[in-house]
Amino acid sequence: MESENIISAADKARILAEALPYIRRFSGSVAVIKYGGNAMTEPALKEGFARDVVLLKLVGIHPVIVHGGGPQINAMLEKVGKKGEFVQGMRVTDKEAMDIVEMVLGGHVNKEIVSMINTYGGHAVGVSGRDDHFIKAKKLLIDTPEQNGVDIGQVGTVESIDTGLVKGLIERGCIPVVAPVGVGEKGEAFNINADLVAGKLAEELNAEKLLMMTNIAGVMDKTGNLLTKLTPKRIDELIADGTLYGGMLPKIASAVEAAVNGVKATHIIDGRVPNALLLEIFTDAGIGSMILGGGEDA
């Protein structure tokens, strides 16, 4: 038992020593985190995520969280007798569904995340893109193999982001938690894919990192091998051959766009892994897949 404790202590010391250069490097920088998947539904992972976010803030990194809420939305739609439908990974959202989406994201999910972070000593503040109209949206039309310009209801894409609200929260020492609901020119609400919001927000904030938490280890090839580094060219090939499809498409598109437009590192990581954020940011090996803005695959 004593030997095990010594080994454990040695491992902890090694981990701290490995983390120190990264703490120095990233202190003062912004990290936008797309929070979703199992990490949002399993109690132990939810608590671990909250602790990790608080730790990031304590060592000088400024986390900004953009959350999804697909399972929670589906559960509420089922309760009212509506079936969730998707086109190219995007949720079909009529007026009734939009009311439910906004209620679940802004009312339940956002407040739960804020409360969890604050329980562990953080100062999280929840906001929606409709607050101060800081996320302006326009209707998103989807091209499918059968038809171009498919209207899927009150689903939007980001037209512009005014980062003043989020930057103000960061300057006050707060952790912004953003619900991905935008506002149209007539004041109407738009459901925006959280990956799209996270990517665009990372660009506008000149973030050091964009980290997208998901339920898979990262981007895989057809044989199931993890691809640790990818370029836009390689990703185009994976989409063309059908390796990437469905819900991965908006995630990948956002990661690529952010990388191309100046976010220094974009990552797709496995949110099912305890301490996934810390493993990516503070260890030499990292986890998941890194999207590069250009150049050759490594």
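Cβ atoms here come from the backbone N, Cα and C positions, even for glycine.
Pulled from Swiss-Prot, these are the features on record:
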type: SITE; residues: Lys34; note: site 'Transition state stabilizer'
type: BINDING; residues: Gly69, Gly70, Arg91, Asn191; note: substrate binding site
type: SITE; residues: Lys251; note: site 'Transition state stabilizer'
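Where Swiss-Prot records a feature, it is marked here on the structure.
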| residue | record | contacts (Cβ under 8 Å, 6+ apart) |
| --- | --- | --- |
| Lys34 | site 'Transition state stabilizer' | Val66, His67, Gly68, Ala194, Asp195, Ala198, Leu210, Leu211, Met212, Met213, Lys251 |
| Gly69 | substrate binding site | Gly36, Met40, Val101, Val104, Leu105, His108, Val109, Ala194 |
| Gly70 | substrate binding site | Gly36, Arg91 |
| Asn191 | substrate binding site | Arg91, Thr93, Ala97, Met98, Val101, Glu102, Gln154, Val155, Gly156, Pro180, Val181 |
Restricting to the record's substrate-binding residues (Gly69, Gly70, Arg91, Asn191), give me the longest CA-CA distance in Å as a whole number. 12
Check the DSSP secondary structure of Lys251 (site 'Transition state stabilizer'), expressed as helix, strand or coil. helix
Excluding Gly69, Gly70, Arg91, Asn191 themselves, the substrate site's Cβ centre has within 8 Å the residues Gly68, Ile73, Thr93, Val101, Val104, Leu105, Asn193, Ala194
Of all the recorded positions given, Arg91, Lys251, which has the fewest Cβ neighbours within 10 Å once its own Cβ is left out? Arg91
